[in-house]
């Protein structure tokens, strides 16, 4: 989502309605002419908004209304003449110079331009409903109508002005959910509210390069930069005045047109309607804006302004102090002074002072323009009139002098120095003249509105601390001047008051301060006290007109004007407060003042011992109300207003608030032998007492300021005291502020949590249709409505396959289940495959099906078997990093390479005949397996490798998967590739070709692949194997764990010996080596696995142990052969055994010298060899599972009977047969003869029954059954997983669940911890462990009991269940 560019200053907006407002100054406005309206419309169309990228774009009104963020571009409206402006500077200049109704008595009408943050608030005059503009303006336009150019987007109303529309949209609070906490304005979007809040919070990132001013928006900075610009290229054709923009010039021309219309109406009124037409001469009259004198030429008007109103002329602003030349801008003036008057000293033209720079001279000239009163401006409002001295106060300014009395020395001469308009006196009881305001930091006092003053404070004095403005009437503190003005207008103004005689009553509902002894009224408390002390006080301090009988005696202190009821209390007050010793009688005489002498007003509390200094009477009054509420003051009717606001003496150089300190050296006047003190009006009879009294005054003046907190008194100035006192109230803390909502947090974690909870949106993306939703419920509804389509599936109950169409299911039943009924001779005795559970009608069909489960391609490294050669080659590349497919084929590919059947060019006709021949050969082998001819036929045919190579295979032309039967290939193509058996036409071949072509292409050989993983595996073949395994002995890296194991064997120091290093027993073969390693159980480690008894290296699996045995035995045979060739007379028998390897039958364990004497059969994917005798017993109906070993045949009482299915050993033949009938009823007798024998454990053990729960072993089945029954009685049938608290009904299911725990997050693959075979199901891995690996292969040992486990999760569950405290 792109963010809209910041609003830029635009030209003035045209006025679309007639001006119907009559202002208070007596100017009557009329409807503008059509020419003026058309001119403004053309100017509006030609106005362009310049963006940040420097490009210009014309924007019409309709486009601006349709913008999404229209609420963020405020319109500035003049409340006097109802003109709309889009630029803050244009409105300010209009109100200052051009607005004809700017002389009204409402200073709050220019509220909109007070600051960038206040332009979004409703106008005070609009909220209160008063003002000169509302008298003539009807409310119909603001309420809206129909057919107007600015329609509301929430209702059917439309408005004639954009400002009315924006004001109306604020009432739709339900449509505008985001509210500004500062000005309560509503917004439709959160980003608009956040951008607006920055105007309040002061996020000022746009700084001025000319001064230290900073702004939050770029358009405000551009407005400010115009104050530094000296160019005014746009000139007025009437008065030749220059302007910086066309909008300012246009607004100025409107003033000229209104002057003409006003003169025309005035002239027509004088003629009493005698002539209806206005002459051409009257239309050309030009009127002065200040005295209403008319002129026929513009030159005469300019000459009149320069001569009669020089203080108001624009040309009188910048005049050289050395010569009468006038300049239009400050830069030209300074350049003129540097060039022409560079050698002259900078001297003040009004006094004899000299200054080092021109800037200092101009700052000094401002001091000559200050009036005698501390109130710099003639404001009509008692609260707002003295902004500099009464309203602006910081929270810690109670101990500082008034800012208004100390002008800022850093003021630049370029700031406006326009002189004040002459204000009329108040003697006639009426108020007239222009309202002006003064700055509390500098000497500027010609601000005609609070808005202009606010802009001045925020631009020129932005580095000053934040001000708090206090109301003089109720002492309430307000943040801005605008808020103070509104507070006075609402809280202290009575609508029904008549203020014709007293102008102060126009702005306050509180009556002026009344004198208790005469009907006079005064605007402030200082004037009232001075009036009482001068007019109503006699020589003895008694107020004139009061009598002692009535008890109205009032005695006032000449020093601080405090009132007392008795003369004794007044005398005591003077002795304690104003002097250390009384030398004479106190008399209340007003001293003679010299108005021409400058003075400084200071106030101090008379009730505090160490009184702080107050710069204004307001601060002293607030201090007395807060700290001295119970002290009685002068008894008069205005006790609260007069007595509480009485000023007190100060211990600085000026004591009285209305006295002037005499600067010249003067001696006390001696009259009638008395020495009067000119500081406190005390008289002394002796000169010594008078000198002692003066000494006390000097001590008070020289006494240093003390800190009220720590009583430190070494402060030379008030600023030093204030800086020191600030330290006591200042503390620093680190807070983390949210940029969006300005909330503060003490730590980064709390802020991040707040951002995640409040300012982070979680979106939900539908991957099916790419739609985005903002809540989980929404996307659930979307999935339920759009993507939850019912679809009927057809499932085969025999093999649990699902089909989308009924025809596909029928085809599957036809090929897989039709035509295989059970034998009639043996009802219910259908042959069932022990591997997949599928049933067959005849034994031949079952045997043919069993061949599909055989895996003819075995890995010579790890013993894993595969159906197809391509799978074996992939296994060699991935697991063993062998890239030659022929090297890894241990059975069918070692001599003859790839089988002939694994080709894509297999024909169905030949495949059918080959399958029939295969069935005939298999049946003949089963019937004549015990004869010698069978063995001879095997020898004649060239061995089992040739038989394997001649077997036909049906390969998939898409993925390369090979099957022994065509039906299996068809099922594979239907299940995995969705290709039906009948699709053999050209269309299906095209579809097949498109399907075969993958989307992932190799950049090296241009081969395509279906998935990215396949391409990644193929790319590894070009780069070579990745070496991730490092040898801990030499640091060399290897691509697989197998190659690393083979490398580690080469570091063995026992390379030429085949003896055990522990018991020194010689080892002759690999089988003896493995058997002997198991005879030393103390060498086994639960963490790392086994140890080789020859080289003592630690191995982690039986596979690695086999590699060690092969390596050591090969070294032993090679060393023995070399020794025999060296001249040994007789060869050792060990060498003969090694030269002639023996092969054993899997059932009877007889040894055979030739491998061809054994018949190969695969059971569970593993190859086994059976002799001819075992095969003949299987065909004659004898149980092949009953096996008597030749070694134990001659021993009495010892038998070797094992079950071929579960490899459990039995003592008698009856026990084995009963076990098969009970536990393995579905096992085929023809396939049960293959016995599973591992090379690692050729010696049978005594205990053959083991409990899965506690791993105890038993000799007989009855013992383990009793043991399992005890488990069920004691512990129940439920078995709980301690890792996740899930319940299972058997220990085997619990073990399968623990295997899943071990491989969580591994991508759905399960790897055997012993031989590293990978499975996709946990139960398959469990079956593999039970079938291949035994008790000796377990890795993890329990530290508290002798139990061992394959997986760590088994050990953890065992520890929590059996050994938990």
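Heads up, the Cβ atoms here are built off N, Cα and C, so glycines get one too.
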Among 555-578, 579-602, where does Swiss-Prot put the label zinc finger?
555-578
Would the zinc finger (1090-1112) count as touching the zinc finger (1000-1022), if touching means at least three Cβ pairs under 8 Å and pairs must be 6 or more apart in sequence?
no
Could you check whether the zinc finger (857-880) packs against the zinc finger (794-817) - three or more CB pairs closer than 8 Å, residues at least 6 apart in sequence?
no
Taking the zinc finger (1279-1301) as the reference, which of 234-256, 794-817, 1029-1051, 1310-1333 gives the largest number of Cβ pairs under 8 angstroms?
1310-1333
What are the DSSP helix/strand/coil residue counts across the zinc finger (206-228)?
11 helix, 4 strand, 8 coil
When the pLDDT values for the zinc finger (1340-1363) are averaged, what is the result?
85
Summary of DSSP states over the zinc finger (1090-1112), given as helix, strand and coil counts
11 helix, 4 strand, 8 coil
